[in-house]
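Inspection log for the structure reproduced underneath, given as structure tokens.
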Amino acid sequence: MKKHILFLGAPGAGKGTQAELISQSNSYLHLSTGELLRKEIEMNTALGIQVKDIMNRGELVSDELVLKIVRQNLVKDNKGWILDGYPRNLSQANSLNEVLNEINQPLELVFYLDIPEEVLIKRLLLRGRKDDTEETIRTRVDIYKKTTEPLIQYFKDLSLIEYIDADRDLKTISSDIKQKMA
């Protein structure tokens with residue numbers, strides 16, 4: 001069974017949902033970078049103070065800082081882990097791969113949750129968030145495509161990627177993922 005897994009997919013594809021379901025059923029660590037950053041801030045750690053300061057200035061948290069927080073969580077005792085929504089670009093993927101090899105926890109599998117754009121837009125509009133207008137959603141999806149397509153190719157070249165049809169019900173998707181993890 002694969003134990004070091006990454007989930008990729010557009011906003012609203014169901015990465016977080018599937019990552020959480022799979023991590024719970026296997027007692028794996030589920031690492032979502034957004035949650036990790038919030039947790040560091042909440043716990044008022046040295047890294048959290050740095051992150052809070054950067055965010056308060058309206059700046060993006062650097063790749064180096066995010067990677068440091070991810071690494072710190074990966075080296076903790078775990079039966080396995082699932083990364084959700086990170087890396088987001090080639091530079092982050094290369095850095096992450098270096099760290100994973102250093103800590104002897106190489107990436108074993110990448111699930112790409114594939115979903116038609118129109119289905120994705122409908123899903124995101126149904127979430128009912130104030131900032132989720134069709135225009136802003138399409139912009140986010142376009143940005144995602146531009147940055148993620150090279151990432152998908154990168155993992156494809158490493159023979160790590162598995163495509164998952166994310167336009168199905170939750171149980172069917174989870175079952176498909178579990179089969180591919182075996």
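Cβ coordinates come from backbone N, Cα and C, glycine included.
When other Cβ atoms within 10 Å of the Cβ of R127 (ATP binding site) are tallied across all protein chains shown, the result is 10. Summarising the annotation, Swiss-Prot assigns ATP binding site to G12, A13, G14, K15, G16, T17, R127, R168.
The DSSP secondary structure for V61 (AMP binding site) is coil. Taken from Swiss-Prot, the feature AMP binding site covers T33, R38, E59, L60, V61, G85, Y86, P87, R88, Q92, R129, R140.
Mean pLDDT, taken over the region 'NMP' (32-61), works out to 91 on the 0 to 100 scale. Sequence annotations record features per position, and here Swiss-Prot assigns region 'NMP' to 32-61.
As annotated by Swiss-Prot, region 'LID' applies to 126-132. Secondary structure of the region 'LID' (126-132), assigned with DSSP and counted as helix (H, G, I), strand (E, B) and coil, comes to 2 helix, 0 strand, 5 coil.
In sequence order, L6, L31, S32, T33, V66, V70, Q92, L96 constitute the residues six or more apart from Y86 (AMP binding site) in its chain with CB-CB distances below 8 Å. Taking the binding-site residues K15, R88, R129, R168 in turn and counting surrounding C-beta atoms within 10 angstroms, the largest count is reached at K15.
Spatially, by CA atoms, the binding-site residues E59, V61, R88, R129 include one closest to K15 (ATP binding site), and that is R88.
The CA atom of R129 (AMP binding site) is located 12 Å away from the CA atom of G12 (ATP binding site). Each residue contributes its Cα atom, and for E59 (AMP binding site) and G14 (ATP binding site) these two points are 27 Å apart.
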